[in-house]
Amino acid sequence: MVDGLLLLAVFACAYTGMAWLALSQERHWRAVRGGTPGRARIRRLRLGGALWLLLSLVWALLRDAAHFGVPLWVMALVAGGFAVALALTWKPRCIEVVTALRH
Amino acid sequence: MVASWRESMRWQHTWVGLVLGALLFAIFWMGSLSVFDKEIDRWMMPATRLEPPESLSLAPALASARKVAPDASRWRLMLPTSRSPQMRLYYPDAGGDLQFVDLEPGTGRPLPPQGTLAGSEFIFPFHFSLHLKAGQLGYWLVGLAGMAMLSLLVSGLVVHRKPIQDLFTFRAHKRLGRANLDLHNLTGVVGLPFHFIMTLSGLVIFVNIYFPDAATLAYDDAADPQGRFIEEGLGRFSRPPAGEPGTLAPLEPMLERARAAWSGEGPAFVRVWHPGDAASYVEMRRSNQNMVRINRDQLYFDGGTGEVLFRFEAMPLMKTQRFISGLHFIQFDHWPLRWLYFGGGLSGCVMIVTGFIFWLQARRKRHAGQGAFRLVEGLTVGSVTGIILATLAFFVANRLLPLEARFAGYERAALEVWVFFLVWLGAFVHGWLQRSDAWRGQCWAIAMLAVAAVALNAVTTGDHLLKTLAEGYWPVAGMDLMLLAGAAVAVWSARRLTQHRAVRLREVEFG
C-alpha cells in the first residue's frame, strides 16, 4: 500500500515537474495558457519544475533506497517527459491541471 | 568532403543509421521482449504454469538428475523463483552440448518436454547474439551496432540543433513528415537517458569479448593470464574427479550455510560437479533477485563432508562491472522498472522506424524509381513490421505444433525457429514486391496473428483471458493483454495507412 502510494508520488511529481518545465517554454505556454509568460514567471516555472523533479527523487529513494531508487527515478523522468509531450499534443487540459497553482 | 562539422554529423547520422538501422531495430525489439522473457516462457511452456513452491527441497530433484543424466560430469539446478516456478536441470550430454529438462519443484519429477526455446532461450539470446554462433559473429555485430548507436545518439543531438527547445514538441496534427520527425526527436531526446545507459551497459557486459586481450594486459606476468583473470575476477574453484565412487552429503545443510553467509538470501543455482565421484563438490551462486548487481558470490562445498572449500566475492572493479550489467539485465524483482524498461525499449523501436521513414520521405520524390531506394523501402518493411510478424508467427507456431512434432530431421524447438526465420524472410520479399503498400498488409497480418495467438492459447491450454484475469495469473494474462494491445495498434495503423493511401490516390487522379 505504502509502496504503491510512493510509486504514484514518484510518477506524479515527475510528470508535474516536466509539465512546469514545458510551460516555461513560450510555445507550450502560448498553446496552453495563451499570451506570453513573463520572464519572472519563466524563472519560477523552471525552479518549481526542478523542485518537483527533486521531490520525485526523494519519493523514489524513500521507496527503494539508492540502488533501485535512482534507476526508478531516471525512468520516471523519461516516462514523465513522454507523458507531458503527448498531453501537450492531445490533452492540454492534463497540463493545465498540474500547473494551475499560482506561479 | 563535407562542409562543416554539423554537416559531417548529419552525414554520419543518415548513413550509419541507414546501414545499421535494421540490425538496431532487431536488437531493440528483442531486448524489449527480453525483459519479459520468463513470462513468455510461461506462455509458451504451458506445463510450467505452476505455483512457486513454498519450501525448497533438493533431494527429489537430485534423484531425477541421477535418472536423467547419470553419466553427466555436472548438474546445474536452477532453483525456482517467483517468475520461474519450475526447477531447471542443465547437464552436458555425451557430445558436451548443454541440455536442459524442467522439473516440477515439489516432486522433482521431469515435466513433459515443451519442445520450445521460448523467451529465455530464443528471444533473449537473439537480443545479444543474433543466434550467429560461428566465431562469435553475432556478438561482434551487436557490439558494432551498440557502438554505432552511441555515435548516432551524439550525432543526432548535434544535427537536431534545438534539442532543449523542442524537447516536448510533437506536432501530430501537421503533415506526416513533420509529425514523423517530431516523433523521432521526441523518442530520441526524451528517451536519451534510457537509450544511452542501455547501449553503454550492453557493451560493458561483453567487455571480455570486445576486449579479448584485457586479461593479457592486466596479468602480463602470469603464466596463464586468462585463467588468472577468471580466478581473480570471476571466481573459480575446480578439482579433478578421484575416479572412485562416493556419496553426496545432504544439500540442505549447505543451503543453510549459504543463506547464513548471504544475509538470508538463497542461491540462484546449485551445481554438483563430478556427481557420484568421491571428489565431488557442490557450487552455489547467490541469487540476484534483491540487488541490481549480477553478483559473482560463490560458495563451494565438499560433496562428501559438506565442508566449505572455497568462498568468493568479486572485488570492487568487478562489482562495478556487474552492477552496470545488472542494470541492463534487470534480473531483479522490480515490476515498475520492468514495465518502464519495456516502454523505453519500445520507444527505441519507434525512434528507429521514424528515422527510416524520414530517410525514405526525404528521397521519395527524387529517387522513388531507383533500385537502391526500393531496396531500402523493402528493408525497412522487413526489419520493422517483418520481425514483429515473425515473432508472432513464432508464438502461433508454438501453440499449433503438436508436442511430438518433427519434420525433416528437425526437433520441434527448431521448427518454431524455422517458422520465425521463414516468415521474416517472407516479410522482406513482400516488402520488396509491394513496396510502401506492404506496411498496410503486414499491419493487418500482425493484428490477425496476435489475435490468433490469444485464441490458440485459450483453446490449447484452457487458460483463456477471463480465467487468468480472474485468477490473477499475470504471466499469461499479461502476455495475452499485450498481444491484444498490439493487435489494436496494428489495426489502427493499418486503417490510418488506408486513409493515407486513399488521399494519395485522389491526389494522383485529380491532382
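Each Cβ is built from the backbone N, Cα and C atoms, and glycine gets one as well.
As annotated by TrEMBL, transmembrane segment applies to B:15-36, B:137-160, B:181-211, B:339-360, B:372-397, B:417-433, B:445-466, B:472-494.
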Spatial neighbours of the transmembrane segment (B:372-397) not adjacent in sequence (6+ beyond its ends, CB under 8 Å) are 18, 21-23, 25-26, 29, 33, 43-44, 122-123, 349, 352-353, 356-357, 359-360, 363-364, 415-417, 419-421, 423-424, 427-436, 438-439, 442-443, 445-446, 449-450, 452-453, 456, 483, 486
In the same chain, residues at least 6 away from the ends of the transmembrane segment (B:445-466) whose Cβ sits under 8 Å of its Cβ atoms read 43, 46, 49, 385, 388-389, 392-393, 395-396, 399-400, 473, 476-477, 479-481, 483-484, 486-488, 490-491, 494
Spatial neighbours of the transmembrane segment (B:339-360) not adjacent in sequence (6+ beyond its ends, CB under 8 Å) are 14, 17-18, 21, 24-25, 28-29, 31-32, 35-36, 177, 180-181, 183-184, 187-188, 190-191, 194-195, 198, 330, 373, 376-377, 380, 384, 436
